[in-house]
Amino acid sequence: MSLRKNWDLTTRSYGPTRPFDGAQAPTIPEALKTIAQAANSTVSEFPQIDPDICIVNYYTNSGKLGLHQDKDESKSSINQGLPFISISIGDTAEFMFGDTRDKGKATKIDLESGDVLILGGESRLLFHGISHVKTNTTPTWLKEATGLRPGRINLTFRQVLASY
Ligand SMILES: O=C(O)CCC(=O)C(=O)O
Ligand SMILES: [Fe+2]
């Protein structure tokens with residue numbers, strides 16, 4: 001699902017409403033936006049964004065995401081190197097990134113629950129993806145406090161500067 005704007009995975013495009021029922025996307029909770037912007041401000045090399053979309057992805061324990069570049073935002077957003085800010089919640093994921101779509105050459109790091117990753121400036125168009133989600137790695141306190149089901153939630157905040 002996405003917040004504030006709609007992201008249509010099928011057409012890889014941003015829009016004001018969900019095409020299948022015309023509904024407006026819910027707003028981005030201020031508390032989440034504050035966390036993303038605070039993280040953004042710790043990296044002085046990257047411009048500060050005012051997020052106009054938050055995409056929420058849920059990965060089951062067999063979830064993956066192939067190596068890709070995020071380049072569906074407006075030219076202006078990409079050319080300015082506006083960062084996207086990613087927050088991971090739940091099970092740990094192995095995140096891959098590199099200069100090409102070659103999985104064998106990608107660097108792999110674990111993204112644990114609570115980790116924040118920011119790609120911006122020169123790293124904005126890095127290839128990246130999720131090779132796998134590690135079963136049963138959600139912190140116990142989080143599972144107990146929220147009843148979170150197995151898997152991983154990822155929130156990405158962007159300023160797509162859409163022109164529609
Ligand atoms: O789940 C992640 O950490 C990456 C998500 C991603 O690359 C995307 O939404 O474009
Ligand atoms: Fe991405």
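Each Cβ is built from the backbone N, Cα and C atoms, and glycine gets one as well.
Worth saying up front: this structure is predicted, and the values here are computed from it rather than measured.
What TrEMBL annotates here:
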DOMAIN    50-161  domain 'Fe2OG dioxygenase'
BINDING   H68, D70, H128  Fe cation binding site
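Per-residue confidence over the domain 'Fe2OG dioxygenase' (50-161) averages 96 (mean pLDDT, predicted model). D70 (Fe cation binding site): 18 other CB atoms within 10 A of its CB, across all protein chains.
Taken through DSSP, the domain 'Fe2OG dioxygenase' (50-161) splits into 18 helix, 47 strand, 47 coil. Ranking the binding-site residues H68, H128 by C-beta neighbours within 10 Å puts H128 at the top.
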